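Please read the structure below before turning to the comments.
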Amino acid sequence: MEDSKRKIWTVQCVLLLLIGLCISQLYASDDVKFYDSFDDAFDGRWVVSKKEDYTGVWKHSKSEGHDDYGLLVSEKARKHAIVKKLDEPIDLKDETVVLQYEVRLQNGLECGGAYLKYLRPQDAGWTPEGFDNVSPYSIMFGPDKCGSTNKVHFILKHKNPKSGEFVEHHLKYPPSVPSDKLTHVYSAILKPDNELKILIDGEEKKKANFLSAEDFEPPLIPAKTIPDPDDKKPEDWDERAQIPDPEAKKPDDWDEDAPMEIEDEDAVKPEGWLDDEPEDIDDPDATKPEDWDDEEDGEWEAPKVDNPKCGEAPGCGEWKKPMKRNPAYKGKWHAPLIDNPNYKGIWKPQEIPNPDYFELEKPNFEPIAAIGIEIWTMQDGLLFDNILIASNEKVAETYRLSAWKPKFEVEKEKQKEEESTDSEGLKGIQKVVFDYLYKIADLPVLGDHKVKVLELIEKAEKQPNVTIGVLVSIIIVILTLLLKIIFGGKKKPAQTVVETKEPDVAETSNDQGSTEENEEQNEDAAAAAAPRRRSTRRDT
């Protein structure tokens, strides 16, 4: 008997559950105004524009790594246009409306759009076969990226109740487009209280109010007052907050002609200065090339090298007293500034009532009669999927969790694996680099510089972001030493990065001043060592 009662109770529970599911399904279906999962081919449901400029081919294709199908932009650098007429126009005025769809930028998005246009009824002046960039829409929503543009558009085309003209109103400060190649779901939630929310992957990125001048440009409601276009600034209006003091006079001892620098009269020529020795001399080891033709190449001149005598002395050539700052220098005299007694502030025209002003309780949304994708893009591989229009946020969330979330999790996990593999490969490369750096540090040519080089390598090993800077510094040290050995030292040898100071992270990675100086000096040394041939001939 108890088993029989238990069975009856179980059947009743199952029936109640089924009834509840059916009711919820009916409720959900009422909330879904339009949905396309693209599980089936789009032919016969979506119409490709026949306008001659729109040559891009649409394909019914699987998302990379999934069995899930979508609508694919298959060609680069083409205009694409396709449209789906709704069974019934959707009114946006009196209830919540969720505009939601997925897009995957399988090859990235360097320049192009991946947005949707929610079109007005065809009596506004368009046809599916003639769908193009001027076909009238109510809302444009979705990613757009090119150059400095990187945003998830939301544009409302709103009919001005006074002029009757449709004006584009752009959402201010929209969220940016995710930069990866994963599937993302974009949601725009329009509420009957004039609130707008933009969600990316179910996370709120932007909240705005349609009637707020802070949220849309231009604002839907014009300003109550405007500057009077006929108002002119009076001629005697003084906008200068400060003026030169008219009572001030230049001091008698103010010398405007005094130079900024003068010779240091206290300077004394260093002992041992070689006045009669030139800084550069002809290379005694250089010989005239055998194929040198004086008539064709001009008179041959030996290349110049540093005078070795100058390297042993304080200096060579004519000695001149160094310059120092002139204590009498004051520069051009200017009268000091004082508050302007006639200052009236920055002039602005007076405000007058705006003849175009109107009040508005809620936007004059035009109904949505079709969904169109009209884009120009330099990338192929844009995959659109699960386009939804619903009147319930929970229903839209259910579609996100069931249709988008599983795909996204798979793609994200794969991305992590790839990043982990790349990271391990990078670590392996770094190990090889540091092994070679330590071998370089053992080169005899480094001499006394070895300790400093080892300190730099150890710092770079602990802070990998400075590795490149350290590597460049060590190369410069070695090149400088080699050039010094081969060609002899200069009168005033340049100090290397290692000799000046041990750089910190920012200096090693970003500050290239010492590196550039050493490179210039190395180039000078190499140029001086090369025989002067046709590039050094005299004009005949």
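Positions of Cβ are set from backbone N, Cα and C atoms, glycine also.
TrEMBL annotations:
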DISULFID  C111-C146  disulfide bond
REGION    211-313  region 'Disordered'
COMPBIAS  253-266  compositional bias 'Acidic residues'
COMPBIAS  273-284  compositional bias 'Acidic residues'
COMPBIAS  291-300  compositional bias 'Acidic residues'
TRANSMEM  466-487  transmembrane segment
REGION    497-540  region 'Disordered'
COMPBIAS  514-523  compositional bias 'Acidic residues'
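Annotation for C111 (disulfide bond): same-chain Cβ neighbours under 8 Å, separated by at least 6 residues, are K145, C146, G147, T377, M378, Q379. In this view, C146 (disulfide bond) is surrounded by 14 other Cβ atoms within 10 Å of its Cβ, with every protein chain counted. The compositional bias 'Acidic residues' (273-284): residue composition by secondary structure is 0 helix, 4 strand, 8 coil, according to DSSP.
Note on the compositional bias 'Acidic residues' (253-266): DSSP counts are 0 helix, 3 strand, 11 coil. According to DSSP, the compositional bias 'Acidic residues' (291-300) comprises 4 helix, 0 strand, 6 coil.
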